[in-house]
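As given in Swiss-Prot:
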BINDING   Gly170, Asp171, Arg172, Gln173, Thr174, Gly175, Lys176, Thr177  ATP binding site
SITE      Ser363  site 'Required for activity'
Amino acid sequence: MVNIRPDEISSIIRKQIEQYTQEVKVVNIGTVLQVGDGIARIYGLDKVMAGELLEFEDGTIGIALNLESDNVGAVLMGDGLTIQEGSSVKATGKIAQIPVSDGYLGRVVNALARPIDGKGDIASSEFRLIESPAPGIISRRSVYEPMQTGLIAIDAMIPIGRGQRELIIGDRQTGKTAVATDTILNQKGQNVICVYVAIGQKASSVAQVVNTFEERGAMDYTIVVAETANAPATLQYLAPYTGAALAEYFMYKGQHTLVVYDDLSKQAQAYRQMSLLLRRPPGREAYPGDVFYLHSRLLERAAKLGSQLGEGSMTALPIVETQAGDVSAYIPTNVISITDGQIFLSADLFNSGIRPAINVGISVSRVGSAAQIKAMKQVAGKLKLELAQFAELEAFSQFASDLDKATQNQLARGQRLRELLKQAQSAPLSVEQQVATIFTGVNGYLDVIEVSQVRSFLTQLREYIITNKPQFGEIIRSTKTFTDEAQTILKQAIQEHTEAFLLQQ
């Protein structure tokens, strides 16, 4: 029989009493008054912060947006079907944040940065707030490095720089997503991290984009953030900020990033739905009063950082859909005023076979030639002027029956330049190929080629230069200048190829 020693027992009890610490955990708790349509009204939660995450009994997460005198209006990040009136809600004390790491490259995630591609969890090293303040004036420097899209019409006439925000705007089915995805494909080997944010799109469309990226090897440097049309409005509203937070992680490490928001019209509609259900007063087109701030605080996060912050950059390509070409609607005018230029895609051009359907006349880049290499500046200056004169002449020539020879020549040149701007989807061109193509057009070397033959002639010319005159590309890549030597090589290549091409016909 074991002897019980009272002194041992008392010493154990004494030690435990000494180790006892009084712990009081303060939890901010409320009660659900009403729930439905992705919105919950909660009584209590006196100390809750605006934008704080809330946790419901069933594990659903919400965000406190309306702090009223007698209740709190919260939006739910799920369907909330199991939340009942009278169930308790706990304030978490956290503002919405996401994990970030290099492991996100090549993955498809949702607005909470959780993987949805079935490839397992993503290891993360740190967290970033979904809503971070934009870099200040002192932290930035002016945009000066080109962000090549691989599309001649843009790189020559509406150049985009690293750290710029360029709006892509047009009706549905005019190729807006194609311009953005081609730009991402063209960043291969350029050491640029790309983030593609799909907001309220069909799941099939997102799958198609991801497949294109995978086939072309673009997923190695791309993150896709997707919230499809069946996702709760809250998540569609958050998705662009998640994309920006992921890009910021790389930007502050001194890397160059490109973010595509496809598209912000759907985000504004999701925000309008949330605001109206929260009973916030509606404004123009029933959007809430702060819809401008919704987009400005997102797009201001795109920047070219100064040397003290590592020279990183975030370039934003927001996409906005117009109805019947109406650029003066509320959301289009808002985003046009926030961005540094817009690329306008026209349904008429698209239907007449001009693709990409970029309306060069009303598209602008407010950064301009600062975002071009010298070689491109040297050849592209003439292109925009010639196309503008051609558009004007074409309008007049519809009424005139007999045109003089000079006018006929200018119209013929313009038709060939328009052909020169046409490109197949997912076939971006390198800078040296673009320089060669533009030089051929603006200097009249295409005038002897039939209009219908221009595209095949240029495709073959680019292949001919790569195989027979590789030194041309080397000069442009190394010096970034269209030197006399490069010009001589190019003229020789054009002459040789033209002779061979005309003999084939």
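The backbone N, Cα and C atoms fix where each Cβ goes, glycine too.
Distribution of Swiss-Prot features across the structure.
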{"residue": "Gly170", "record": "ATP binding site", "DSSP (3 states)": "strand"}
{"residue": "Gly175", "record": "ATP binding site", "DSSP (3 states)": "coil"}
{"residue": "Ser363", "record": "site 'Required for activity'", "DSSP (3 states)": "coil"}
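Calculated from their C-alpha atoms, the gap between Thr174 (ATP binding site) and Ser363 (site 'Required for activity') amounts to 15 Å. The ATP site, placed at the center of the C-beta atoms of Gly170, Asp171, Arg172, Gln173, Thr174, Gly175, Lys176, Thr177, has further neighbours from the same chain whose C-beta lies within 8 angstroms: Glu321, Leu345, Ala347, Phe350, Ala357. If you measure from the Cα atom of Thr177 (ATP binding site) to that of Ser363 (site 'Required for activity'), you get 17 Å. On a Cα basis, Ser363 (site 'Required for activity') lies 18 Å away from Gln173 (ATP binding site). Just so you know, the Cβ of Gln173 (ATP binding site) picks up 12 other Cβ atoms within 10 Å once every protein chain is counted. The C-beta environment of Lys176 (ATP binding site), restricted to residues of the same chain at least 6 apart in sequence and closer than 8 Å, consists of Ile168, Ile169, Gly170, Asp262, Asp263, Ile319, Glu321, Leu345. Rounded to a whole number, the distance between the Cα atoms of Arg172 (ATP binding site) and Ser363 (site 'Required for activity') is 18 Å.
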